[in-house]
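A.B. asks: Let me give you the structure first, and then I'll get to my questions.
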Amino acid sequence: MSLRFVVTATDTGVGKTVFSAALADALGACYWKPIQAGLDEETDSETVRRLGRLPPQHILPEAWRLKTPASPHLAADIDGLALRPEALHLPKTTSPLIIEGAGGLLVPLTRREVFADVFARWRLPIILCARTGLGTINHTLLSLEAIRRRQIPVLGIAFIGDAQPDTQQIIAEMGGVPSLGRLPRLDPLTPDALRESFRRHFDVSQFQERCV
Ligand SMILES: Nc1ncnc2c1ncn2[C@@H]1O[C@H](COP(=O)(O)OP(=O)(O)OP(=O)(O)O)[C@@H](O)[C@H]1O
Ligand SMILES: C[C@H](N)[C@H](N)CCCCCC(=O)O
Ligand SMILES: [Mg+2]
């Protein structure tokens, strides 16, 4: 038995990859990005390896690597591939495992299926990354509705950005989920700064208590 989590977000670009790097570093975890869309810049796996200082064997190979930075259903079309979400089986690892989706919960893998449907089959606890800025209350509560509708377990919310105490509080209260902490925007974003900030703002035992 090992710790396994799905890291998703209210949108693309929220900070799932940066948060995953920090969490993988803190837990000594493996990282898996099943679908990478966009190969011209550093991929999410490469970023996690660099920022989290993960050993290479802790980065599991992607199931699909798509050239275009777009929604996976479209990126796959462009590459002439058909993604088969039902073929995404959870890898077996002896270390904890962090799995990152692409974009938000209702991003399509095909013209029929969204990431949340895959997460529902896996039934792993979700960590929902959310911005702290204006607009996040709506996005985060909507995301939680999509999770609840599919009866997927939620570990909690990882906020990313400047402190907004009331926003963080009302999301946790109305969403009925714990706030796990808040990762500030780091400048510069370095492996050391990320490790230090994660230690300061999150209690790692919150992640270690959930064994799935
Ligand atoms: N805590 C942070 N401090 C500084 N920069 C950050 C932080 N979190 C995220 N960023 C920056 O914001 C951008 C988006 O972050 P990230 O790539 O982690 O988003 P994502 O949710 O993984 O997006 P995608 O849907 O593409 O996987 C990146 O340039 C990243 O370096
Ligand atoms: C390319 C990007 N970085 C992500 N990998 C995919 C984001 C898909 C978002 C689709 C959408 O919600 O409109
Ligand atoms: Mg990412």
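Any Cβ shown, glycine's included, is placed from N, Cα and C.
What TrEMBL shows for this protein is this:
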type     : residues                                                                                                : note
BINDING  : GLY13, VAL14, GLY15, LYS16, THR17, VAL18, ASP44, GLU100, GLY101, ALA102, GLY103, PRO184, ARG185, LEU186 : ATP binding site
BINDING  : THR17, ASP44, GLU100                                                                                    : Mg(2+) binding site
ACT_SITE : LYS33                                                                                                   : active site
A.B. asks: Among the recorded positions GLY13, LYS33, GLY101, GLY103, name every one whose Cβ is found under 6 angstroms from ligand 3, counting any of its atoms.
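C.D. replies: Near ligand 3: none of them.
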A.B. asks: Check the recorded positions GLY13, GLY15, LYS33 for any whose Cβ is under 6 angstroms from an atom of ligand 1, and report them in sequence order.
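C.D. replies: Close enough to ligand 1 are GLY13, GLY15.
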A.B. asks: Could you tell me which of the recorded positions GLY13, LYS33, GLY101, GLY103, ARG185 have their C-beta within a distance under 6 angstroms of some atom of ligand 2?
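C.D. replies: Going through GLY13, LYS33, GLY101, GLY103, ARG185 in sequence order, those close to ligand 2 turn out to be GLY103.
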A.B. asks: Sequence gap of 6 or more, C-beta under 8 Å: which same-chain residues meet both conditions with respect to LYS33 (active site)?
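C.D. replies: THR43, ASP44, SER45, VAL48, GLU62, ILE99, GLU100, ALA102 - these are the non-local Cβ neighbours of LYS33 (active site), listed in sequence order.
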A.B. asks: Using CB atoms and a 10 A radius, I'd like the single residue among the binding-site residues GLY13, GLY101 with the highest neighbour count.
C.D. replies: GLY101
